[in-house]
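Working notes for the structure below.
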């Protein structure tokens, strides 16, 4: 398999990041970073600590405004959106990109079901005629709220949380909270789901459950972009891996390609630049 | 045998601790209570001793310590142990009739409250119960329910809520005097004007969070009050506006004494302002019910869920495509509108408004009621309002205390002390207020209340 091509689904691009730069004062957190994510793929963004992965995420999802660069999202129906021009909530509402957070951000005092209903806020808001028709008890709103509960049930089932639907979200175990956050992001009806370290802190069993959930999300038609530290998770589930170090892209391709890229090995093992060639030689000889 | 020796050591322990408490309180109070300074006839400062009073303080401290250590604490420990042994009896399904129908009973009680007080205390005597207790408490219930939307649901700490109350009151006072509009036209208009001010204030302020928002709203409340004081051409400054027209019975009967369609004349009753007060009681009761209805309904709408989500985590809200600015603004505007309604009612009830009524203390009292009741809980807040406002009104009735503490004793001056005491007691035993749990707005199988430890207070 050559880098850059993929056998899954089509080769349609969903997210295109071009020359993205983000500067915090004197620090260049991301420096001229470009990559593409293809529709129907699980794209992983990896790199050592402090490489700028979460910063890239925050730029894509509008929590930071990039200093330079263009982020284009192409929807299924062909519409293009320039994400750096949208406000953060519009990126979810209009461009249909949703995200989760590295440190889980659930509405811990609301029940699991309510968390999933809040995620459908915009659709329900429209159906309730911006609250006015809903207050009058119009049938359109009743129907919409029933549909919202059905959608929530669907994702509860997928995330294996149906039993806990009426418990407060803060009461779930850690793995359940991770899955609920992903289910909540899916309830906004995204085309691209951005996950910030979904497997962090999970035990092997929860990790396996997460992989199943991510695969079923991809098979449902949403594309996934994820940051991950756990190499076993990355190698197992992603179709395409982009490696970031010190704000710059050092490798881009299939998991197998990236795994054997000497630059990546150097970045992860902390080898001096001039030793990279040496390692490459060793690789060729099959010693590593 | 072991039991009695246990008891003996417990009593010895209690006696020892009582002695320590007596010594500590003696040391603490000897200068404050034991010695009093006063001015004699030549204006010279002299002192005298009050050993009797000091002895009372020390004895109270010692006896209560003895009782706590010797009896109350072992009893509580024993109960806790029994509970732990029995398993999980926390949730009892067998709610009794009163608990199940609490709201219905409360509403019926409120409806029959005015006729009951007329029957028991006579037409004139009912004034005190209907006006000083009933109406006064219900105004605070309404204000606290309005603030509950902003603070309890959306988690925005607003220390200047009384500003909207003032806007409503002055809107009614000025518009009714200048243009002669009736109460029933001006009631909604006052609410709309207050909501309008809520939005105007909200736009620049709602990008602030937490402490910053609290400070700016506090300043806004003070600005409104200072404008009312200093814009004398319109508001007559500190003199206030008097002679504000009374509300009419939906335009059918008037409560003005000279009017041809006077209510008491039309019904052939004796002249008394009690009937007007009873009418006002039902009016504010209806306004409260409207507020409760709107709050309950809105909580189940997407906007209400977004408010609560905003209280829990604003960043997560934005990541879900919720426009947090408009969501906060609606909370602010609806809270302000309810404050405006209450203000218009206040103006028509008093017949007189002045900036004096809209000081920061009022905001603080309303906020205290919301916090004591349990943020987000309508029942808890209503109970808190009854306890706090009714309690201060009761203090006025405590004339007999003058016989105990001397004729200079004015019990209502101690209301803030009691307020503070009540807050500390409630916060120690029920840190989330009287009703700390939260009712979920939707459920699949069963509606389980969410414990207070999971909900957040909001950060702005």
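Positions of Cβ are set from backbone N, Cα and C atoms, glycine also.
Within its own chain, the transmembrane segment (B:18-35) is flanked in space by residues 47-51, 53-54, 57-59, 61-66, 69, which lie at least six positions past its ends and keep a Cβ under 8 Å from the stretch. Taken from TrEMBL, the feature transmembrane segment applies to B:18-35 (among others).
Sequence annotations record features per position, and here TrEMBL assigns transmembrane segment to B:51-72 (among others). Long-range contacts of the transmembrane segment (B:51-72) within the same chain: residues 10-11, 13-15, 17-22, 24-26, 29-30, 33-34, each at least 6 residues beyond the stretch ends and with a Cβ under 8 Å from a Cβ of the stretch.
The transmembrane segment feature in TrEMBL is assigned to B:102-121 (among others).
Marked as transmembrane segment by TrEMBL: B:133-151 (among others).
Sequence-distant neighbours of the transmembrane segment (B:156-175) (same chain, 6+ residues past either end, Cβ-Cβ under 8 Å): 143, 146-147, 150, 181, 183, 186-187, 189-191, 193-194, 197-198, 201, 206, 210-211, 213-215, 217-225, 228, 234-235, 241, 244, 328, 331-332, 335-337, 339-344, 346-348, 353, 355, 357-360, 362-364, 366-367, 458, 460. What TrEMBL records for B:156-175 (among others) is transmembrane segment.
What TrEMBL records for B:181-205 (among others) is transmembrane segment.
Feature annotation from TrEMBL assigns transmembrane segment to B:212-233 (among others). Distant neighbours of the transmembrane segment (B:212-233): 156-163, 166-167, 170, 201, 205-206, 355, 358-360, 363, 460; these residues of the same chain sit at least 6 beyond its ends, with a Cβ under 8 Å from one of its Cβ atoms.
Residues annotated as transmembrane segment in TrEMBL: B:274-296 (among others).
Proximity of distant same-chain residues to the transmembrane segment (B:329-347), defined by a Cβ-Cβ separation under 8 Å and at least 6 residues beyond the stretch ends, is recorded for 139, 142-143, 145-147, 149-150, 153-154, 156, 158, 161-162, 164-173, 183, 186-187, 190-199, 201-203, 206, 244, 280, 283-284, 287, 291, 294, 298, 303, 307, 310, 353, 357. The transmembrane segment annotation in TrEMBL covers B:329-347 (among others).
Per TrEMBL, the feature transmembrane segment maps to B:359-392 (among others).
Same-chain neighbours of the transmembrane segment (B:413-429): 365, 368, 371-372, 387-388, 391-392, 395, counting only residues six or more beyond its ends whose CB sits under 8 Å from a CB of the stretch. The annotation transmembrane segment is assigned in TrEMBL to B:413-429 (among others).
Relative to the transmembrane segment (B:274-296), the listed stretch B:133-151 leads the set B:102-121, B:133-151, B:181-205, B:359-392 in CB pairs under 8 A.
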